[in-house]
Amino acid sequence: MKYALLDRGDSLSRELAEQFHALAQYKGLKEDASSPDVVVSIGGDGTLLQAFHRFIDRVQDVAFVGVHTGHLGFYADWKKNELAQLVDLMATTEPQKVSYPLLRIQIVTDDETRSFLALNEFTLKSMEGTLVAQLNVNDEPFEMFRGDGIVVSTPSGSTGYNKSIGGAIIHPSLEALQIAEIASINNRVYRTLGSSVILPKHHHCDIVPEPDEPLSIWIDHLTMQLQGVRSIICTVAEDKVHFARYRPFPFWNRVREAFIGSNPDELEHKRPK
Ligand code: NAP
């Protein structure tokens, strides 16, 4: 089993990375930074996003594992004091592979169509204040959006930016994408749906901005500024991202721990008999 490791770059993550390499060498795991079977990220969910984009060309061939240096994350579900246990399991156990849907984004300009994959989401904003863009669903006009921006997220990204703007949390076993609004302008003149929309895999949405509107585009943590965009087509990607699960940590437990906190006594008390 060959592994690659990416750390956040802070002193704790670097120290843990050194510990990991030492433990891995002792257990006979081989480091291979270019064609690994497992990619270990040490830092947080943001570090795993970076690892995903670094290995995006091999996304079908690798499985990711995340170690969190702070609180438990959504992609980083191993704690810093569990490194030895993780390495031991990596050396001795065949992990369960869990696959999550990704978002395919095609940005169409006069000259070309560029294609991207997102693990969390695609975010569109205007460089000049209010974003004005038509939203089409399955090639039919749906609404004219005016506001701060639009976020199209994957199910695993639904706990990120999407949640902060009122989108729903979607279980990553559902192959879907979610369109959520950032501060839409709604009055007697301008009208959008106002709630987030969830599309199944066989549907798609096109965002058609005003001609020559300078756009700020985010794909996960990566950003670019573009002008002359004719449309942006969002679909559930054919490719999926794979995670190596060496122990179960159900998605809804992660949601509860991240956003609600656990009060096991009280929850145990109310458990149906
Ligand atoms: P960042 O601004 O440094 O961190 C954003 C926060 O989002 C971090 O706490 C990160 O967790 C957390 N996060 C990332 N993916 C998540 C997920 N799937 N579920 C729950 N939390 C998640 O940016 P970054 O670390 O480079 O991450 C980029 C992501 O930030 C974007 O993909 C977007 O989802 C999120 N974001 C959120 C907002 C907002 O909520 N208002 C605004 C912009 C971007 P860790 O601390 O574990 O790294």
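Every residue, even glycine, has its Cβ placed from backbone N, Cα and C.
Where the annotation comes from TrEMBL, it is an automatic prediction and has not been curated.
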According to TrEMBL, Asp45, Gly46, Asn120, Glu121, Arg146, Asp148, Thr159, Gly160, Tyr161, Asn162, Lys163, Ser164 bind NAD(+); which one of Ala24, Ala63, Ala183 is annotated to that same site? Ala183
So which of the binding-site residues Arg146, Tyr161, Ala183 sit close to ligand 1, that is, with a CB under 6 Å from an atom of it? Tyr161
Taking all protein chains shown into account, the Cβ-based neighbour count within 10 Å for Thr159 (NAD(+) binding site) is 24
For a quick check of understanding: among the binding-site residues Arg146, Lys163, which residue's Cβ has the most other Cβ atoms within 10 Å? Arg146
